[in-house]
């Protein structure tokens, strides 16, 4: 289940990284493999990032052995976004059906969850963000139509996009996890532009709905030491609190964002002017 561990990196160090080292420290590839649950443990606010792709069999996530707890959810909550075909998630005996771009919240104290796809020819791709939690909330299915949409940017600046909040105090509660999906409008390429920092929260991304030949150029780093990484469809990455984050795609794409930290105030961030980037 755990395929990798990311220990976190200092902003003073990444200026010396080559492209391969940069990817090793921040990018999470190969999350979706048939009939496997594959997760990466990060020491960046101890978020767990991963994927499950049930095809020929049901998959289960329950053991807390790797976490030193009785079950995976003894001290954790999780958000799960379906980035593939229709699938089901069973939470302690209750089954939830997730269509493409639906999100399920799973709370602390859950005994275990099971994943299945409705059609093996078009399997579900369940993308997961899990963070430590000190308070219990019940499981909740948030359909795409029940999320809160916010339109941002301008067509003339190629950054017009719709941000949808799913796990958020205004939509569905959690202890410390925030989760949503952003999609640039047709003809726009930029996300999170102008960029920003949020010192009190880290963030994880997963880009999806992207053609195989396209990439998103994801920019990260301190404002005066930015780096760019080409990210493929269904690849994830970790964005630490000290890093800006913004991206531009060579074709249409969407991305899931998940955050945790000191608060759940989405707008608690510090904008950075593009003219200040180096």
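Glycine too: its Cβ is placed from the backbone N, Cα and C atoms.
From a predicted model like this one, the values you see are computed outputs, not experimental measurements.
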Site-mate of 196, 198, 203 for Zn(2+) in TrEMBL, selected among 168, 218, 245: 245
Proximal but sequence-remote residues of the same chain as residue 203 (Zn(2+) binding site) (Cβ under 8 Å, at least 6 apart): 238, 239, 245, 257, 258, 259
Other CB atoms within 10 A, centred on residue 198 (Zn(2+) binding site): 22
The one of 196, 245 whose CB sees the fewest other CB atoms within 10 Å, among these binding-site residues: 196
